[in-house]
Amino acid sequence: MNAGEETSDFCDNSQNFNEEIRETSHLCNNSQKNYNAISKDTAIHNDLEKNSTSGNGSDWAAYMNIVCVVAGSGTLGIPYALQQGGWISLIFLLLAALMSTYTSIKLIECLDHGKTRKTSVSELAYYAFGNIGLCVVGFFFNVISLGCPILYLVLSGDNLQTLFSNHGIDWGMQTWVYICAGTMCIPFIFLKSMKETAWLSIFGVVTTLLVVLIVLIISIIEYPNNLKNHHDFISFRNLPIALSTFFFSFGGNVVYPHIQASMKNKKAWPKVITLAKLTITFMYLLIGIPAYLTYGRTTMSPIYLSLPPGVIVDITMIMITMHILLALPVYQTAFSLELENFLFTNISITLNKTSEFILRTILRLILVIFTVYVAVTIPYFTNIMALLGALGNGILIMVTPMLIWIKLFGWDHFKDFKEKIWAIFILIFSLSGAIIGTWDALEALSAEIMGGN
């Protein structure tokens, strides 16, 4: 099964490894001790709070980071999701966009609750629900934050192997994974924060736009040759699968706290996230509608498999691979910041810049080595991540922000009765999508294991 197909079901969105389970267990067992230790040392705590909220990045940089992380691989799977659900699923695509924007705003509102600002989703879950919240959310956060870059490596390695083998160069996918990892390792080590990854995101967004335009133009050109293709207005059997795909195509909550923290004008977050989600939705519609209109029930995922073979497909694969390599350091940086904050709470205070850089480099090199090891050795990894990502993304994107907001602020702080109904609708709708997506991923994993046997 193509790695790109599995990636499109949950990554842009976007993620079971034993190492991460042990790490999450470690977080749960030591979380209260860690947070209490920080709160007891007032001077260090104040310095940490100042460092975590003193970003000076522009709104434009934050916008680019969001679009780059969310839109990339999501564009590849949207046409296939429309094929699964039929034309009616466009409504669910728009609903997913509205709900994810709303929950993203609510998530950031929760970060500033209380006397001190929270710096991550995991810390916020601990603040709201204690160790239970930290264990559950922390587990899925770590799985997705590490799993998505691993899947990106698998997809990029597979793309390059396919591309070059068609031209007589057969180095093997593992070799290309090593090359891709080495390429993304350089910016990952030297870019300290999300603010500094913005220039990577600009190029990532450009490559995604080029892919959208290529698919749009080819779909229009090919339409007269595909008039006999059939379309469905609604496919009840596969509509839930399309719905779960849409949810996961608007993922990104694992990096939003770090992106917002890098902004100089943090109050502009609602405007920035809304504009970014509008852009992403427009890109999805621009690639999804013409592609499904042209290829109908024959639409495949990733969408470039439906295009006529030749130079155009090669260019599309190159653009997608470039986007993946540009988005990888952004995802890895978000997870690394989380890990660095946990392991070295006062690193910027006790160490000089050179020592801090060396320590950070060692830690990030370890992360890259672990990422590569999993990418080339774990069997059925894409389907395992599809399983964990279906449930994890559903929890992190929609459910977690709403539950935390309700726990911290209470029902009475909703503006009116309509907003309460909207919040209940989001919880029910997103939980249904997560359950259905998890079931579908279980079936895919079971089928691949049985097929392998």
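Just so it is clear, glycine is given a Cβ too, placed from its N, Cα and C backbone atoms.
What TrEMBL records for this protein:
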{"type": "DOMAIN", "residues": "56-440", "note": "domain 'Amino acid transporter transmembrane'"}
{"type": "TRANSMEM", "residues": "60-81", "note": "transmembrane segment"}
{"type": "TRANSMEM", "residues": "87-105", "note": "transmembrane segment"}
{"type": "TRANSMEM", "residues": "126-155", "note": "transmembrane segment"}
{"type": "TRANSMEM", "residues": "175-191", "note": "transmembrane segment"}
{"type": "TRANSMEM", "residues": "198-221", "note": "transmembrane segment"}
{"type": "TRANSMEM", "residues": "241-259", "note": "transmembrane segment"}
{"type": "TRANSMEM", "residues": "271-295", "note": "transmembrane segment"}
{"type": "TRANSMEM", "residues": "315-337", "note": "transmembrane segment"}
{"type": "TRANSMEM", "residues": "357-378", "note": "transmembrane segment"}
{"type": "TRANSMEM", "residues": "384-409", "note": "transmembrane segment"}
{"type": "TRANSMEM", "residues": "421-439", "note": "transmembrane segment"}
Contact call for the transmembrane segment (87-105) and the transmembrane segment (315-337): at least 3 Cβ pairs under 8 Å, seq gap 6+: no
Recorded stretches the transmembrane segment (60-81) and the transmembrane segment (271-295) touching, at least 3 CB pairs under 8 Å: yes
Beyond the flanks of the transmembrane segment (271-295) by at least 6 residues, Cβ under 8 Å: 59, 62-63, 66-67, 70-71, 74-75, 78-79, 81-83, 87, 90, 93-94, 97, 100-101, 104-105, 108, 208-209, 211-212, 215-216, 219-220, 222-223, 226, 229, 231, 249-250, 256, 263, 303, 306
